[in-house]
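Colleague: Quick one: structure below, then a few questions.
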Amino acid sequence: MLDVSSVLEVLKPVQDPELQKSLVELNMIRNVEIDGGTVRFTLVLTTPACPLREFIVEDCQRAVKQLPGVEEVLVDVTAETPSQKSLPDRTGIDGVKNIIAISSGKGGVGKSTVAVNVAVALAKLGAKVGLIDADIYGPNAPTMLGLADAKVMVQQGAQGEVLQPAFNHGVKLVSMAFLIDPDQPVIWRGPMLNGVIRQFLYQVAWGDLDYLIVDMPPGTGDAQLTLTQAVPMAGAVIVTTPQTVALLDSRRGLKMFQQMGVPVLGIVENMSYFIPPDLPDRQYDLFGSGGGEKTSKELNIPLLGCIPLEISLREGGDGGVPIVVGEPDSASGKALIAIAKAIAAKVSIAALTS
Ligand SMILES: Nc1ncnc2c1ncn2[C@@H]1O[C@H](COP(=O)(O)OP(=O)(O)OP(=O)(O)O)[C@@H](O)[C@H]1O
């Protein structure tokens, strides 16, 4: 007899491939309905950016089709991103589920490019996303998001004055660039940074967010400490290039996050190889190869992906149309979308298993 409990019974052995637990036990199968030979249910994933969405749906369909009398299995897929656990000594942000730092040991390795494209890719996949550009040395996220001329507006909220973030490509943005005078030397900007980071966390009308991405200044300075001491973080991603110096610097960053109790979700290797625009099938290892993989193995941190050096990626950044929107099928576009999915998966696993 085809009924709800027999459907749940055959679905029990189907596991979330990353959490390695039963979908039924994780309460990811809901609203089972049976209409003649048609079985319909909702699969609630832990992130709209789930990289294994299709596989999970197929596994569910295969399992239910084993039941006699089933002709059709319809799966409605939705997502509820789990929230990172709050910590006794750190204050979360109301409505913001997961805060992720994008960090690098040194400047110019493509940290902002990764932060912006990951944010936009997650938004495109259906998540609610915010981005804090906390980089005092090169606050270029507004340009990359097509918001170079935007201003953050101050509004009177219930809790006093709040900043209204700028918005484009599905991402809410606040940036140091909206606040600083570009002609002022960087040395004068440093002292204001800590206060500004707190303001960007707690005095912005973020609304509900699945992910708040923070584009950090390079290195292991005060901004990192302020952030990791203030809010509970879902994790940090370290961007590096294949060059050894960049790798050494990123090790320092890794240690700092670990000491502050922030999980390091993985390493992203940028500028891994060069793809000439006129010879898109060729690949040149300009800075040597395999550095990210080697570090990932040595430090036992996952390698989330490798991004090629591609002219269209820089052009997308300069033109305010991130490559994951402008040319999602390019090599770097694909790499960045896969990295966004990998980050989302790691965050969900951490939230559900910690
Ligand atoms: N894989 C890539 N291919 C082509 N250009 C890239 C790539 N990654 C980054 N760039 C370009 O390199 C420049 C520096 O990148 P980005 O601003 O993202 O680095 P950053 O680490 O955030 O630097 P900073 O520390 O100065 O903020 C930008 O012009 C960007 O478009």
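For all residues, glycine too, the Cβ spot is worked out from N, Cα and C.
All TrEMBL annotations are machine predictions without curation.
Quick paste of what TrEMBL says about this protein:
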DOMAIN    7-75  domain 'MIP18 family-like'
BINDING   Gly105, Lys106, Gly107, Gly108, Val109, Gly110, Lys111, Ser112  ATP binding site
Colleague: Gly105, Gly108, Val109, Gly110, Lys111, Ser112: which of these binding-site residues put a Cβ within less than 6 Å of any ligand 1 atom?
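Modeller: Checking each Cβ against ligand 1, the ones under 6 Å are Gly108, Val109, Gly110, Lys111, Ser112.
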Colleague: Taking the Cβ of Val109 (ATP binding site) as centre, how many other Cβ atoms lie within 10 Å?
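Modeller: 23, counting other Cβ atoms within 10 Å of Val109 (ATP binding site).
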Colleague: Among all the protein chains here, how many other CB atoms are within 10 A of the CB of Gly107 (ATP binding site)?
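Modeller: For Gly107 (ATP binding site), the 10 Å Cβ neighbour count is 15.
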Colleague: Roughly where does the domain 'MIP18 family-like' (7-75) sit in mean pLDDT, to the nearest integer?
Modeller: 93
Colleague: How many neighbouring Cβ atoms, not counting its own, are there within 10 Å of the Cβ of Gly110 (ATP binding site)?
Modeller: 22
Colleague: Counting all other Cβ atoms within 10 Å across every protein chain shown, which of the binding-site residues Lys106, Lys111 scores highest?
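Modeller: Counting Cβ neighbours within 10 Å, the top one is Lys111.
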Colleague: Just give the helix, strand and coil counts over the domain 'MIP18 family-like' (7-75), going by DSSP.
Modeller: 18 helix, 23 strand, 28 coil
Colleague: Among the binding-site residues listed here (Gly105, Gly108), identify the one with the smallest other-Cβ count within 10 Å.
Modeller: Gly108
Colleague: Could you tally the C-beta atoms, other than its own, that fall within 10 angstroms of the C-beta of Ser112 (ATP binding site)?
Modeller: 25
